[in-house]
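Structure incoming, see below.
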Amino acid sequence: MTATASPSDTKGAAAPRISFVSLGCPKALVDSERILTHLRAEGYELSRRHDGADVVIVNTCGFLDSAKAESLQAIGEAMAENGRVIVTGCMGAQPEEIREKYPNLLAVTGPQAYESVVAAVHEAVPPAHDPFLDLIPPQGVKLTPRHYAYLKISEGCNNRCTFCIIPSLRGDLVSRPAGDVLREAEKLVKAGVKELLVVSQDTSAYGIDTRYATSPWRDREVRARFYDLASELGELGAWVRLHYVYPYPHVDEVIPLMAEGKILPYLDMPLQHASPSVLKRMRRPGNQERQLDRIRRWREICPELAIRSTFIVGFPGETEAEFEELLDWIREARLERVGCFEYEPVKGAPANDLGLLVPPEVKAERKRRFMEAQAGVSLKLQRAKVGKRLQVIIDEAGPGGARGRSKADAPEIDGSVHVASRRPLRPGDIVTVKIERADAYDLHGIAV
């Protein structure tokens, strides 16, 4: 995910100007929004171009080598076009690599270092704040369209997957108080947000670090617990979509909320693999037969449930037999939304010590076979929707029609619904669409 701050809502002539690039996952996007909100509250304006700014901030991603390369490229472009650059984010936790290539950066800070970023901006270009021109919207500065927003409920992660270095970059799990999360969500909904996308490194672990501590919300106390938070969010009148959910037993508790229509029947659950031996090397939950049984039970409770997952092929030591286990599992699981990545070594990850690297051409071939198998599953599931009427939230609209998403589709990572309509549609509208045609990943229909 790459996002650039838009200056469309800024005013004033003498205020210092900031250009901002946000790379990586939705959690990083929320970090970017917090930084921008703080700076806008101090009177800074946003510039669409690097060469029109007083300073450039690049929020980096350091999860994969390819993400690091993208971050370094973005830093290089900012240096070339402006020369006054502040770097933050996950890659900033390892500043030596950045400083070696770009020694003249103004500052390099790590993830979640909001105060350090703001301090670096102050040092580079002091604020010229005018409270009479302070028109910050109550929901803060957002890098997403106005009708949806990411809601981050915690930082860090307690898991120690061998392919991942996030805990070393962002630390252990730190959950936000439930009352704080709910107040932010309420503010977003009042500002016109129609869809809340709940994100963290491990959403289903929410509150474990606080022993499910309570905090005030409206006229009552609410526990910092996965089910309790999901239930309360479901009362705010917006679509609520759960991302990055581990397959813990207590996930079962939220499925009835989906069946009742309180939250979206959508579960983003990165499973990573299906072979018990590969999962053991990954240090991931390993009983996928039991997981199949749980998925069947979930679908009995909530037939509309859409499960999204991501998988890694070519993990060190992955044999053809282990890969075939994965193929068999996805054919049986019939997941609605699936992504697949070729394994990339990450500096500092324990998986690097496993040896037995899978050749690049084998990884590419396995990814092709995996996506081919999933496309067949997806096409059958999509065709079953032809003739049905689905609620669709509109993302883009024009004279030739509109594009939106069903309850089974998250922005940027899932499919779209292409909508023909006799009446004008606007982004953020939620309309009923009769599905007339289906592709492997997209649907086509008419607004009714």
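Note that Cβ sites are derived from N, Cα and C of the backbone, with glycine treated the same way.
As listed in Swiss-Prot for this protein:
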DOMAIN    16-126  domain 'MTTase N-terminal'
BINDING   Cys25, Cys61, Cys90  [4Fe-4S] cluster 1 binding site
DOMAIN    143-380  domain 'Radical SAM core'
BINDING   Cys157, Cys161, Cys164  [4Fe-4S] cluster 2 binding site
DOMAIN    383-448  domain 'TRAM'
Which residues, same chain and not among Cys157, Cys161, Cys164, have a CB within 8 angstroms of the centroid of the CB atoms at the recorded [4Fe-4S] cluster 2 site?
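These residues sit around the [4Fe-4S] cluster 2 site: Asn159, Arg160, Phe163, Ile165, Ile166, Pro167, Gln201.
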Taking the recorded [4Fe-4S] cluster 1 site as Cys25, Cys61, Cys90, identify the other residues of that chain whose CB atom sits within 8 Å of the mean position of the site's CB atoms, giving them in sequence order.
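Apart from Cys25, Cys61, Cys90, the close residues are Leu23, Gly24, Lys27, Ala28, Thr60, Gly62, Phe63, Ala67, Gly89, Met91, Pro111.
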Tell me the Cα distance separating Cys61 ([4Fe-4S] cluster 1 binding site) from Cys161 ([4Fe-4S] cluster 2 binding site), rounded to the nearest angstrom.
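Cα-Cα distance, Cys161 ([4Fe-4S] cluster 2 binding site) to Cys61 ([4Fe-4S] cluster 1 binding site): 18 Å.
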Which residues of the same chain, at least 6 positions away in sequence, have a Cβ lying under 8 Å from the Cβ of Cys164 ([4Fe-4S] cluster 2 binding site)?
Phe63, Cys157, Val346, Ala349
Using a 10 Å radius around each Cβ and counting other Cβ atoms from all shown chains, which of the binding-site residues Cys25, Cys61, Cys90, Cys157, Cys161 yields the largest count?
Cys90
Using DSSP, tally how many residues of the domain 'MTTase N-terminal' (16-126) sit in helix, strand and coil.
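Final tally across the stretch: 58 helix, 22 strand, 31 coil.
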